[in-house]
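Each remark here refers to the structure printed beneath this line.
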Amino acid sequence: MMNPSQGRGLGSGGGSSSGRNKGGEAVVEMFPSGLRVLVVDDDPTCLMILERMLRTCLYEVTKCNRAEMALSLLRKNKHGFDIVISDVHMPDMDGFKLLEHVGLEMDLPVIMMSADDSKSVVLKGVTHGAVDYLIKPVRMEALKNIWQHVVRKRRSEWSVPEHSGSIEETGQQQQQRGPAVSEDAADDNASSVNNEGNNWRSSSNNSRKRKEEEGDEQGDEDASNLKKPRVVWSVELHQQFVAAVNQLGVEKAVPKKILELMNVPGLTRENVASHLQKYRIYLRRLGGVSQHQGNLNNSFMTGQDASFGPLSSLNGFDLQALAVTGQLPAQSLAQLQAAGLGRPAMVSKSGLPVSSVVDERSIFSFDNSKPRFGDGIGGHQTQQPQMNLLHGVPTGMEPRQLAGLQQQLPVGGNRMSIQQQIAAVRAGHSGMLMPQQQPFPRGPPSIRQPMLPNRITERSGFSGRSSVPESSRVLPTSYTNLATQQHSSTSVAFNSFQQELPVNSFPLPSAPGLSVPTQVRKPHSSSSSYQEEVNSSEAGFATPSYDMFSNRHNDWDLRSIAFDAHQDAESVAFSNSEAFSSSSMSRNNNNNATVAATDLGRNQQQTLSGMVPHHQVYGNGGGGGSSVRVKSERDTAAMAFHEQYSNQEDLMSALLKQEGVAPVVDTEFDFDAYSIDDIPV
Amino acid sequence: MQRQVALIKQSLFDQGYLDEQFIELEELQDDANPNFVEEVATLYFKDSARLISNIEQALERGSFDFNRLDNYMHQFKGSSTSIGASKVKTECTMFREYCRVGNAEGCLRTFKQLKKEHATLRKKLEQYFQASK
């Protein structure tokens, strides 16, 4: 979470021992004593036992026998807990849903537990972003070390990527945390991945503080560069970066060549290398998320995809972009989307309709972010005039486009429909997109919130970042991506992000992950890459790609916006929607959603508010209600993604296959390419 | 008295009524929480009685909603596992297996056995706690 205050610091809350906030990395000796744990389990016997055990570990325990109550407790007191332990089977809410919510809204580490030790359930925990899974009966030994998850998460938050730094709220210099980041990533498989995600999302205060401390480590890297100790990855810079990467091909991009292509004076290879690493993580996350989402979202999709599919993608972007730019009034956006989709107008405040469908959500997430951008950016809005309305509106969808999309998605039927929808939407949007692209303010790059699960995580990564208000980053490309990506909800979301986020920003974590990989390949300008894919897939959407370029900045903006939004709202609605796609975005979205600021002007918040708690926006801003699902999806995807980071894609695929989840997405997206390991530094 | 307590406890373990989880619980007991285990056991029996009655009603209906039954049993198993009620846990597992394959007859039989084990454990633990006081 981005809150400027300490965030969740372990001891920040009530006099715990950690005292971390003060400074530094040093953890107070008393830690982990005083760790604030929230335990959720409908079984009173287990609850009592757990409480006793945790108390014996000297943790501060809060019991809860209902998930809803736990969520409201968490919402009321965002920084009041350090970690959540939840049972899987609960009568009022599925444990995984709670997991998603927490991950999206609060970005706290969540441990799942159950008497059920079947592989599928454990896998589900992993993919949804749980930091750990305990089998009942839970023993003391297992509980004694849960503090490690808190520390791990915090660490990842600290190492916010450099670009985020520039956008950081605090204005602290972004440390080039390339190395740090990679370390984290390398060390813990899932954890680090999540952390990364978190970083993006939550670079909130904690990270900032940490960064300072840890900045020294990386200072060397920057020392040789520009006069400034750290490189600030502005939207433009990122855009150039993405363009260079796309030109070289994501897998083949090496820092040296990228540096050459970028031709930015003062930029060093190290800067590029660490940025590339982060970018790859982001892409991976997107890819993974999308996959999962696709898989996981089947349920979601079914409900909505048909209508939303296409709409979401298009709507998300277009609308968002529009919303962002302020052109498209949130309401109109919502209406459009709603109309198109036939869903309730979930328009996020900014006017971006929230796509209810998971995929769409991702798209919408963009939307959310988009509006944010606009806001954040300072109102590009004028540019985007009303066109947007159409964007979002699925009405424009053309069946054939969908058909085309379908081909693409080998994934489950849900996906396809979404894709189709997206294609359709795109088709409809293409026309609309074009004009808007530019005006979109660079969406809040921050939107990217690490989608990853609670650790989901991931979401937080962005929190700090963005602020770059670049103005409309709306990623035009995202649209295109959406269309093509439809694969899974994630992909859709992704697309949306892309569009919203300017090329510069890393692909939004939202689902698009899937789309990203495919798209990245194309040399399109950074974000355009997505578009390319999309474009190729959808004949009708050619134009969107261009948009991407212009929107490149959106990413960054989104992120920043996301952060801002994040701070604002507590949008309950978002909690649901927390669409993973843009972890940061989702965060913001959440905020936005609640904020539901009707005024577009409100930057980030706007985007979210528009999102409406309806299930839509899963992508970045996480639409409302259904967002929860999305969130899980996304998170899962994100999580899945993380898995991949560790080059465990095969494993994941295998597992997913076993579980009946079609890993299709994974393979399609070539996330491998982006594995951090490949990054030549 | 102490010896009696020890004997009762030993027999509970030997006969498989309790497993090491129960020992874990006892380790949580200390001066600050001297009756922790008993409190947990009381809570368990109260909650499980409720579950048993739910399952009973579900079975009496004759419709055999295996999903629902499985859900109940999952909860039952969870809490039984947590206090170390070994035999009860075994019956739960068997019951769930019958649910999985849709064997109504097996479910009924197992449930009867489960209730029996549950009642026996309850009695024995009550003895145990009495003797411990």
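Yeah, the Cβs are placed from backbone N, Cα and C, and that goes for glycine too.
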**Report entry** Range annotated as region 'Disordered' - as stated in TrEMBL, picked from A:508-538, A:601-631
**Finding:** A:508-538
Query raised in the report: If one looks at the chain holding A:ASP87 (4-aspartylphosphate), which residues at least 6 apart in sequence have a CB under 8 angstroms from its CB?
Result: A:VAL40, A:ASP41, A:ASP42, A:ASP43, A:CYS46, A:GLY95, A:MET112, A:MET113, A:SER114
**Report entry** Within the predicted model, mean pLDDT of the domain 'HTH myb-type' (A:225-284)
**Finding:** 79
Report summary line: Summed over the domain 'HTH myb-type' (A:225-284), the DSSP helix, strand and coil counts are 38 helix, 0 strand, 22 coil
Query raised in the report: In the domain 'Response regulatory' (A:36-151), how many residues does DSSP call helix, how many strand, and how many coil?
Result: 54 helix, 24 strand, 38 coil
